[in-house]
Amino acid sequence: MSYEKELAAAKKAVTIASRFCQKVQKVLLQSDVQSKSDKSPVTVADYGSQALVSYILEKELPSESFSLVAEEDSGDLRNDGSQEVLQRIRELMNDTLVSDGENKVLSAEDVLTAIDSGKSEGGPLGRHWVLDPIDGTKGFVRGDQYAIALALLDEGKVVLGVLGCPNLPLASIANTDQSSSQNQVGCLFYATIGSGTYMQSLDGSSHKKVHVSAIENPAEASFFESFEAAHTTFSLSGSIATKLGVKAPPVRIDSQAKYGALSRGDGAIYLRFPHKGYREKIWDHAAGCIVVTEAGAVVSDAAGKPLDFSKGKFLDLDTGIIVTNQKLMSLLLKAVQDSLREASSPPTGPSL
Ligand SMILES: Nc1ncnc2c1ncn2[C@@H]1O[C@H](COP(=O)(O)OS(=O)(=O)O)[C@@H](OP(=O)(O)O)[C@H]1O
Ligand SMILES: [Mg+2]
Ligand SMILES: [Mg+2]
Ligand SMILES: [Mg+2]
């Protein structure tokens, strides 16, 4: 199965949503940012991006029964107090659709319906699209990195992923040379199962196959982790890096842009250890996982098991997520397990 028409539809949807998010990030107002019931931020761009991707996928793939598992829902937007926010999303979306040559003007109800197409639960049977309309909303609000992450599950396996990273430079972020040709930002990573990973500029002007770093000596590796201390345990990744002899300081960036950057070798390792009690969602990893795996990486939990996307909205995993190339994985896994053991039973001092 080549998933050719699904890939074309997914690239179109993510490209349009990425341009939309770029536009909104430039003019983001305080009133565009709300708080969800779990206190995490959501913006007009999260809702608009989800509605755009869902609208475009359904339009481009009309014959398929459509199932979408996505992060946002329209609950809060249906409150009386949210009418202004809803109108703003509608206007911003219609501006984007017009500039992309679409002639349909969406009503407020069309916007809510498109957002609510994302209510599927996923699972092991059939096909499900998986969407994070803005991954790294905190980064988006700060003006930093974020990603539009879209994947396709087929019988519980990720078979396609597209990752729009509107703020990621086209040149390696490991490269400190800031000459003007390297300042262009906006990347689209995409992969289908068995076919490798490609990166193109968001405007489509350049295109290439990408591969993860081939580094074998961990002392030469650099590692990525979350920007937000609330999303991962810096002390644990620090201890793992020390055991591996990693010399470079951690590279902290928001969102699945980390998977994209890793897929083209900007760094060699990604470490993610959420604090106790947090459950990872499939939309935070599905697209990134296939993008980096098809570029040659291994993605696993702290027990060395691959991620299982067939269990519904949540990933059922042991402690954290680690990613590196095939040569470094066994060393990394050992360092992770040693560090976890030490963290759970810290060495006792000398007895008096
Ligand atoms: N407590 C906690 N622990 C771990 N992860 C959490 C937590 N809270 C939220 N999230 C999810 O993290 C998503 C963003 O992850 P990042 O790796 O981008 O984090 S960071 O922004 O770099 O800090 C973020 O994605 P978005 O909500 O799409 O922005 C969340 O799904
Ligand atoms: Mg969120
Ligand atoms: Mg996310
Ligand atoms: Mg999100």
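Cβ from N, Cα, C; glycine included.
All annotation found in TrEMBL is predicted automatically rather than curated by experts.
D284 is the residue from D203, D266, D284, D301 that TrEMBL records in the Mg(2+) site together with E71, D132, I134, D135.
Other than the site residues E71, D132, I134, D135, D284, same-chain residues with C-beta atoms no more than 8 angstroms from the centre of those residues' C-beta atoms, the Mg(2+) site, are D46, L131, P133, G136, T137, A147, A149, S255, Q256, K281, W283. The Cβ of D132 (Mg(2+) binding site) has A70, E71, A147, I148, A149, Q256, W283, D284, A287 as same-chain neighbours under 8 Å, each 6 or more residues away in sequence. Only D132, D135 of the binding-site residues listed as D132, D135, D284 bring a Cβ under 6 Å of any atom of ligand 4; the order follows the sequence. A Cβ distance below 6 Å to any atom of ligand 3 is met, among the binding-site residues D132, I134, D135, D284, by D132, D135, D284.
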